[in-house]
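Below: one structure, written as structure tokens.
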Amino acid sequence: MIGRLLALAPFIALAIAALAPLGLPTYQVSVITYVMIASIACFGLVLMTGVAGMVSFGQAAFVGLGAYASAYLSAQLGLSPWLGLAGALIGAAAVATLIGAITVRMSGHYLALATLCFGISFYFLIGNSDELSRFNGMTGIPPAAVGGIELRSEQQTFGLALVALVLVVVWCRRLLASRCGRVLRSLRTGAVIAETFGASAQRHRLIAFVAAAVIAALSGWLYAHVQRFLNPTPFGLNASIDYLFMTVIGGSGQVWGALVGAGLVTVIKHELQDALRPIFGATTRFELLAFAALMIVVLHRARKGLWPFLQQVITPYMAPPAPVAPLILPSRRAKPDHGLPVLSATGLRRTFGGLMAVDDVSFDVRSGEILGVLGPNGAGKSTLFNLISGGLPRSGGELSFLGTPLARVSACARGLSRTFQHAALVSEMSLIENVAIGATHLGRCGVLAASCGLDATEERRLLGWSQHLLDRVGLGDKAWDSAGTLSLGHQRILEIARALAADPVLLLLDEPAAGLRANEKTLLADLLLRLRAEGLAIILVEHDMEFVFRLADRLMVMNFGRRIAFGQPEEVRADAGVQEAYLGVAA
Ligand SMILES: Nc1ncnc2c1ncn2[C@@H]1O[C@H](COP(=O)(O)OP(=O)(O)OP(=O)(O)O)[C@@H](O)[C@H]1O
């Protein structure tokens, strides 16, 4: 019973919040309104920092941009606050696109520093602008009005903030569950997964950056028309750090976490200030020290933030997501006739500084064939894989795929898919969503379609296809479990399902049997034989000799980056050079 109540906690909290103005004193209603406004700014950070992994110190500046844009349009130019809202959102989107186009290419600390510079510049820009009343503050900002009624009272502005909050929560959840959202959620692990399956990591980072700015601008608009007085202080660097803090405390990758973090930080700060003022006086600001100590304890106990901590308690009581009906794609990619060449490599080379990791390697692989690639550690097998899949640029040589040159960017779209030596999955995402990332290039709907709910048919198709593949590899009953709960063996199988989701003609498998138990290897071997029978070409890098010899139609052996043998398994096994170089045994 308690668990069920906990599972409904976010909705109960929203329902209680909706009724709060009826019973609470005006001051408390006003505090909750500001908590909701701060939460909205934090939702933007959830998308940008928590989900896409980009740290921003500029969120308060975008809140300020929204606030000042609407305040200027309504107070100085006499336009309606609703036109001010349009101006705030469009202005924030335009500025974020401009800044993001330059900054999202930057990685790690550089992006954080770039947003820091933007935040500081914005603060001084508005503080020194005569049109915006400099640091003295801007007055005379009109309230928003609905149906001719101006929303002035605490209860009315509370209602306005609540409606905005619900809309943003619904929008964020819808976006994150969409095709674009899955790519965004993969970015936290780096760009590799997105790029492998044909999605531009840079484009999606820009989407997260702009979405965060637009949400911040909405928060700023609310602030301007609820407070109706603006000065630069709430939009400075301290405020950006506060937003970041609220997001992290709540659980940075979680939509509900933003609400928990904003509520907790705002309320604790207020309460500590009131409790400590009589003891230490108004000027010592001891509450900041007490607040920092409290937050350290919270983060120590709940490292990923409070919401994931609560979620652990709630999850067993939540109804599992509805099962997805499996579906085979109506238009599958045509496989070339059995035995026709799929990929030909001629003179492939890759150097790292002075090291020749792949040295003049040529081979081909045909439809309905498993080509095994063997070689001791450091022989260049993984580098070869990365050259074929487009993960690494070539230093020389040619790759021809289905008769035409293969460019780095087109690999996935043209039917080439892969798994990784170290399973690259998004552990917080469910199995079915991980698989659906593989099918990203098979969908068309973007952010706008997902926002308006126009992607439902496409989502049914992509998730149904993913469910079909999960059933096929024997993981169908775990579709909505998170990938992080899987054993290593199952993670490797899941990667294969994701690679198959791209509907490939050629599948590159990098040590798929590593870490698998004997029975799991047998199941994997059966699956690969079935895929081969369907006409798929497979390149299999593997250290398990027995596994490779059992499956491969032809074998290529590499050593020190060079191809030292290529042919039928029995010819290769008997090759004196292979025995000496690979097995360390002189013939
Ligand atoms: N990014 C890199 N920078 C520098 N050197 C690299 C890089 N990647 C691989 N190498 C070097 O290239 C050589 C080939 O490495 P590679 O990982 O392709 O071998 P491998 O056959 O896959 O080995 P293993 O079976 O251990 O995975 C090694 O000497 C390795 O140290």
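Glycine too: its Cβ is placed from the backbone N, Cα and C atoms.
What TrEMBL says about a protein is an automatic prediction, not a curated fact.
Look at TrEMBL and you will find 27-47, 54-75, 81-102, 109-126, 158-176, 206-224, 244-267, 279-299 tagged as transmembrane segment. Per TrEMBL, the feature domain 'ABC transporter' maps to 343-585.
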Spatial neighbours of the transmembrane segment (81-102) far in sequence, C-beta under 8 Å, 6+ residues away: 58, 62, 65-67, 69-71, 73-74, 114, 118, 142-145, 205-206, 209-210, 212-214, 216-218, 220-221, 224-225
Listed stretch, out of 27-47, 54-75, 109-126, 158-176, 279-299, that has the most CB pairs under 8 angstroms to the transmembrane segment (244-267): 27-47
Predicted model, mean pLDDT over the domain 'ABC transporter' (343-585): 91
Dominant neighbour of the transmembrane segment (158-176) in 27-47, 54-75, 206-224, 279-299, by Cβ pairs under 8 Å: 27-47
Distant-in-sequence neighbours of the transmembrane segment (279-299), which means Cβ under 8 A and at least six residues beyond its ends: 245, 248-249, 268-269, 272-273, 305-306
